[in-house]
Amino acid sequence: MARTQAEPPASQPDARAAWLRDQLERANYAYYVLDQPDLPDAEYDRLFRELQQLETDHPELVTPDSPTQRVGGEAAGGFTPVVHDAPMLSLNNGFADEDIAAFDKRVADALDKTTDLAGSVTEPVEYACELKFDGLAISLRYEQGVFVQASTRGDGTTGEDVTENVRTIRSIPLKLKGKHVPAVLDVRGEVLMFKRDFARLNERQRAAEQREFANPRNAAAGSLRQLDSKITAQRPLSFFAYGIGVLDGMPMLDTHSALLDWYESLGLPVNREREVVQGAEGLLGFFRKIGEKRESLPYDIDGVVYKVNRRDEQERLGFVSRAPRFALAHKFPAQEALTKLVAIDVQVGRTGAITPVARLEPVFVGGATVTNATLHNEDEVRRKDIRIGDTVIVRRAGDVIPEVVGALLDRRPADAAEFVMPTECPVCGSKIERLPDEAIARCTGGLFCPAQRKQALWHFAQRRALDIDGLGEKIIDQLVELNLVRTPADLFNLGFATLAELDRFAEKSAQNLLDSLEKAKHTTLARFIYGLGIRHVGESTAKDLAKHFGSLTPIMDASIEELLEVNDVGPIVAESLHQFFAEEHNRTVIEQLRAPGKVTWPEGPPAPKAPQGVLAGKTVVLTGTLPTLTRDAAKEMLEAAGAKVAGSVSKKTDYVVAGAEAGSKLVKAEELGIPVLDEDGLHQLLEGNTP
């Protein structure tokens with residue numbers, strides 16, 4: 001939502017307060033009515049606290065419609081308004097340990113709890129601790145134990161009737177359990193979506209080519225406020241009860257913890273991550289315990305909630321205009337925050353992947369100061385329309401690498417610059433290329449680039465490549481970090497004295513590695529090609545290349561068209577090969593590897609051109625015993641004619657040659673309608689005739 005009003009300075013408190021009210025009301029409307037939040041929580045909290053402080057310093061600036069005096073937005077036009085019998089209030093927030101200690105002190109003082117001479121509470125208050133879910137608050141009304149209405153919070157006084165949608169949530173009972181139920185019960189709780197259900201929903205959205213949801217809260221809110229309850233019924237929503245509005249027909253329970261236990265007996269879903277504690281230390285202990293397990297919880301939370309446990313003490317403490325005095329939300333460090341993107345650089349990964357990285361003005365988010373954040377790839381930068389100079393939303397959750405979620409387009413400066421992917425690697429100067437149908441651009445200097453050095457050496461030494469026994473990752477780390485090895489060719493220059501000085505490398509280990517390196521000098525062309533670590537070139541493709549060309553030079557000089565003639569080499573593999581050998585840095589390292597005294601292999605003639613007869617490219621399956629041909633002889637003749645001999649029958653099979661006692665392969669061929677030949681039919685094919 002656009003925020004075009006100019007931001008007044010703090011030296012103009014009346015204008016500043018009006019601007020803050022406008023910003024917060026716009027955010028409230030986007031959050032509560034449109035279900036499209038456009039401000040991170042941390043930014044909203046910052047603006048809200050600033051307005052609170054302004055109104056405290058200048059009481060004359062307080063207006064009846066100030067966001068500090070109410071909860072959220074107005075009911076949207078698509079749903080029937082519902083006036084709450086008991087207001088659905090918000091909670092005041094605490095962020096630091098000092099905030100929690102101050103809350104406990106205020107409560108204890110108001111309840112006339114005993115304190116010592118230093119002012120410390122010696123008669124601790126009992127609190128019920130719960131999770132603060134990141135979902136949508138609702139009220140469920142039961143009459144004589146039967147579910148009759150559900151409504152959203154709205155502005156705390158008036159919400160929206162979402163009864164038919166809530167009726168589709170399977171975890172919400174339509175009738176309460178037990179013989180003794182109240183005449184009227186308003187249950188307060190949260191509609192949310194579990195992480196696993198959110199992932200499945202987005203999978204369905206992708207499969208249907210529909211817009212994906214940004215996060216579980218948006219998905220839950222959007223699902224709950226569908227005008228068609230059939231759509232809501234298809235969404236995997238859940239519910240947890242945590243509070244009460246109206247109770248008629250039976251006395252109120254003595255404690256909040258007893259209320260939640262009673263809810264469970266009625267069949268209402270109540271979260272088990274709750275605890276009764278004493279005083280500020282107990283509150284902080286619960287907060288830390290939940291913080292440690294936060295990422296492993298099956299749903300999103302953004303903090304915990306503390307409530308004075310005894311009902312009579314809650315009543316004594318009462319309410320302020322927008323929140324109860326007996327409760328506090330203790331929020332985790334914000335996982336999203338706003339900052340300025342000052343530059344976009346690129347990083348080179350171990351495999352040559354080029355990743356755009358946002359350089360940011362320092363911002364505290366997710367419990368740490370963040371100055372860099374990933375932009376994933378060039379397509380993501382374009383899709384999110386992120387530009388240098390933008391005010392951006394940065395997200396950091398747990399140990400996840402910080403990322404730029406998006407930009408606030410209404411704050412974009414006139415000189416904001418688009419990101420341009422460089423054409424040369426910033427580390428080694430090799431060309432940057434991006435293969436068709438791939439999102440990631442890569443440095444093509446795989447054998448030369450320092451950023452890829454360890455990965456290139458590790459791959460080169462693999463058992464299926466040069467098979468250098470004893471050259472593990474820890475040894476490679478030392479060799480690279482001590483600048484003893486820069487490319488695979490340098491491995492063959494290592495001497496005994498150098499190796500023997502490596503950490504935890506005895507003389508015997510040094511000699512064993514030298515022996516392995518000497519042995520690795522005598523290899524095969526296929527192993528050497530595989531060892532180069534060319535993207536998309538596996539062991540099988542390396543063998544096909546060696547068989548087709550016979551020697552390395554023709555492969556290095558081959559055009560894409562010539563590479564496409566190789567068995568099982570398609571456009572992507574051909575392009576990858578061509579890019580790799582076109583990079584001069586790679587060719588230099590290869591020549592160093594082929595220098596006298598280094599790596600050698602037996603050369604062979606190029607394979608003859610593939611036959612062009614009726615069997616060329618066909619797949620044939622042999623089964624049973626033929627009258628005059630052994631299976632090996634038949635296979636050799638078929639392969640010489642350009643056919644591929646497979647071991648099982650599938651839809652891709654062109655012919656089945658069946659002899660005596662053919663068995664299940666013959667049955668499957670007949671089921672699939674695949675032509676079945678005897679030995680005479682095979683000879684006709686080999687002679688170029690279609691049977």
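Yeah, the Cβs are placed from backbone N, Cα and C, and that goes for glycine too.
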Of the candidates Glu130, Glu212, Glu281, the one that Swiss-Prot places in the NAD(+) site of Asp41, Ala42, Glu43, Tyr44, Asp45, Ser90, Leu91, Arg153, Glu190, Lys307, Lys331:
Glu130
Where the record says Asp41, Ala42, Glu43, Tyr44, Asp45, Ser90, Leu91, Glu130, Arg153, Glu190, Lys307, Lys331 bind NAD(+), what is the longest distance in Å from one Cα to another among those residues?
26
Looking at the binding-site residues Glu43, Asp45, Leu91, which has the shortest Cα distance to Cys425 (Zn(2+) binding site)?
Glu43
Compare the C-alpha of Cys449 (Zn(2+) binding site) with the C-alpha of each of the binding-site residues Glu43, Asp45, Leu91, Arg153, Lys307, and give the closest one.
Glu43
Among Asp41, Asp45, all listed as binding-site residues, which has the most CB atoms within 10 Å of its CB?
Asp41
Residue distribution over DSSP helix, strand and coil in the domain 'BRCT' (610-691):
27 helix, 16 strand, 39 coil
Chain-internal residues near Leu91 (NAD(+) binding site), provided their CB is under 8 angstroms and they sit 6+ positions away:
Val305, Ala323, Pro324, Ala327, Leu328, Ala329
